[in-house]
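Let me begin by presenting the structure, written as C-alpha cells, before commenting on it.
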C-alpha cells in the first residue's frame, strides 16, 4: 500500500465511558479500552470531554495523556475552560466541535464561517500549546474555506447525514458531498479526516474516497465489541477501512 491510499483509524472510546457512567461504577475502564485498541491496530484514540461530563471525565483524559502509545485526538467545545485544559494536557491533536447540552450526540458541524475570529483565536492558542488542530465541519465549501482562513491545518468532515440516510439515493448524494468536500479540502492544503455515525456497513464507501487521511469511529466499535471483544472489533474495522482505501 502506498502513502496515497493509506488510511488511519482513530478509535473513539467515549461510549465505553458511557457504559461506566450509566451505573456510576469504575468499570468498564476507557483507558484499558484505549490500550486494547492500540494493541489491535488503532492509529489514535479519540475522546470528547463534554461540558456536562456525560461520559469521558477529566481524569480519563489526564491518564490517557500519560499512557497512550499512539496519540490522543481530544475533541472539545470552544470554551475558555476547555482551551485552558487542553493547554495543560497538550494532546497531539485537538478537534474543535460544536456542543449543546441537549443533544444526544454531536448533531452537525462547527459553524466556522460564522465565527471566524473566535475560532482563529482558539486555533492560535492550541497551536502555541503544540497541538495540531482540526475542525469538525460539514462538507461545505464555505466552511472548508473558513477553516483554512482561521489557520487550522486539518478538518474532519461530518458524515452524519450520510450515515443517517434513509434511501440509497440519499446516501449516494451525501457521499458525493463528502467526496467533493475532500477534494475541496485537499485543494486548500488541508489534511482531511472524516467521521460520525460510521459503522461496519457504511464506512467502506467513505474510506475508499481518495485523499481521506483518517476515519474516527467509536459507537459501532463499542457495540460490536459486546459480541466479539474490543480488540477483535477494532481489528475488524481497521482491516475493513484499509482494504476499502486500497481498492478505492
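Glycine is treated like the rest: Cβ placed from N, Cα and C.
Here Swiss-Prot flags 48, 75 as active site, proton acceptor, drawing on sequence analysis. Positions annotated as active site, proton donor by Swiss-Prot: 196. Among the features that Swiss-Prot reports, 3-amino-2-oxopropyl phosphate binding site is placed at 12, 23, 197, 218, 219, with the record citing sequence analysis. Residues or ranges marked as 1-deoxy-D-xylulose 5-phosphate binding site by Swiss-Prot on the basis of sequence analysis: 14, 15, 50, 55, 105. Residues or ranges marked as site 'Transition state stabilizer' by Swiss-Prot: 156.
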Which of 197, 218, all binding-site residues, has a Cβ with the fewest other Cβ atoms inside 10 Å: 197
Those residues of the chain, 6+ apart, with a Cβ under 8 Å from that of residue 219 (3-amino-2-oxopropyl phosphate binding site): 12, 14, 15, 197, 199
Residue pair residue 75 (active site, proton acceptor), residue 23 (3-amino-2-oxopropyl phosphate binding site) - Cα distance, angstrom, rounded: 24
Nearest recorded site to residue 55 (1-deoxy-D-xylulose 5-phosphate binding site) by CA-CA distance, among recorded positions 23, 48, 156, 196: 48
Residue among recorded positions 14, 156 with least C-beta crowding, 10 angstrom cut-off: 14
Fewest Cβ neighbours within 10 Å, where candidates are the recorded positions 15, 23, 48: 23
Within 10 angstroms of residue 196 (active site, proton donor), Cα basis - recorded positions out of 23, 48, 50, 218: 218
Local Cβ density at residue 55 (1-deoxy-D-xylulose 5-phosphate binding site) - other Cβ atoms counted within 10 Å: 21
